[in-house]
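**Student:** Below you will find the structure I want to go over with you.
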Amino acid sequence: MLSKQSIANLTEADLAGKRVFVRVDFNVPLDNGSITDDTRIRAALPTIKDLLSKGAKVILGSHFGRPKGKVVDSMRLTPVGDRLGELLGQPVVKCDDCIGAEVTAKIASLPNGGVALLENLRFHAGEEGNDAEFAKALAANADLYVNDAFGTAHRAHASTEGVTHFLSPNVAGYLIEKELQFLQGAIEAPKRPLVAIVGGSKVSSKIGVIETLLDKCDKLIIGGGMIFTFYKAQGLNTGKSLVEEDKLDLAKSLMAKAKEKGVEFLLPTDVVVADNFAPDANAQTVGVDAIPDGWMGLDIGPDSVKTFQDALAGCGTVIWNGPMGVFEFDKFAVGTEAIACSLAELTASGTVTIIGGGDSVAAVEKVGVAEKMSHISTGGGASLELLEGKVLPGIAALDDR
């Protein structure tokens, strides 16, 4: 397992009076300037509060949206600073930039146990370009570095990788530590049987994770739009369902690899089909060998839900990445919601349940069972890349234990 130094290894003596640059992920959804979901801000609180309690001067840096290296007023972090102040119960000093003399002056006047929030890092092109001069300017206002932004750990940016060349120590925050513990633990030393559920619309976006999981898991459940590429590869009629014609050979090879490795490979046996892609489309449930021409599959059927629930019974660990159907449409959310509820029940009986980022997180939140899972990953692409066994630059840059 990637054994990295963590904030937990730092004492009050290490931190009191020190300027700590903390890379956080405050890329929260906004509606007319109001935050609609503050989950990402709350996820960073354990790290921020720990540093404050040890007398550090905390300097927070985050990206927000995609301003592409220019100042975009609607992407300023002011609403985030206001919400963070409410959650911490103390004022947050808001900077109008993330580098420069004004920022340096504001940080210099911070008391021990004070917090400053830098302006959107991506207002500077040097952030995503991992420009050494920009990274050096960020680091100039700090003594040590904490990365707690798992969602951007798969990117080598100035604030995730570049700054580590100018600061020491460089450690993981509690959020990243938890992500590594669960996601890597599930791949490297899982409580067995290990069952992986992979959904979503395209096989192409999940090839790496499926191939890695076939080497690790005992059962692999496939759902979502990608199932139709597997059906077409088996010679079945898929109607108007989404099929990646250039991935048919790959689908065949993945099924063959599962057989060769003794991994139980489960595809749905029935699907809910619709006459068009709309929330109010006409729908019917059919066997996968009876999909009518002109209809498209938008969810797994009730028999498949039952089969998948039986396959999950008694498992030690479940990793779930990607919905079972078009869960944004209530009519086609039944399969995804049933799996979410099953995982909540399994967690209560001792199964380790890991929701691996992206749409599956939105699904468990929609059903209201997010709190009942063992771990919900805060990364989309980062979660997938970690599960694929890839090196994440933002993690690799941290100090080894």
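These residue numbers are counts, starting from 1, taken along the chain as shown.
Cβ coordinates are placed from backbone N, Cα and C, and glycine is handled just like the others.
Keep in mind the model is a prediction, meaning the values are calculated, not measured.
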**Student:** Of ARG19, ARG155, which one shares the substrate site with ASP25, PHE26, ASN27, ARG40, HIS63, PHE64, GLY65, ARG66, ARG122 in Swiss-Prot?
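**Tutor:** Checking ARG19, ARG155 against Swiss-Prot: the substrate site match is ARG155.
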**Student:** What is the number of other Cβ atoms found within 10 Å of the Cβ of ASP25 (substrate binding site)?
**Tutor:** 23
**Student:** Only counting partners 6 or more residues apart, tell me which same-chain residues put their Cβ under 8 Å from the Cβ of GLY65 (substrate binding site).
**Tutor:** ASN27, VAL72, MET75, ASN120, ARG122
**Student:** To the nearest whole angstrom, state the Cα distance for the pair ASP359 (ATP binding site) and HIS63 (substrate binding site).
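**Tutor:** A Cα-Cα distance of 21 Å.
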**Student:** Give the residue from the binding-site residues GLU328, ASP359 that has the most other Cβ atoms within 10 Å of its Cβ, counting over every protein chain displayed.
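**Tutor:** Output for this query is ASP359.
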**Student:** Give the distance between the Cα atoms of HIS63 (substrate binding site) and SER360 (ATP binding site), rounded to the nearest whole Å.
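**Tutor:** So the Cα of SER360 (ATP binding site) lies 23 Å away from that of HIS63 (substrate binding site).
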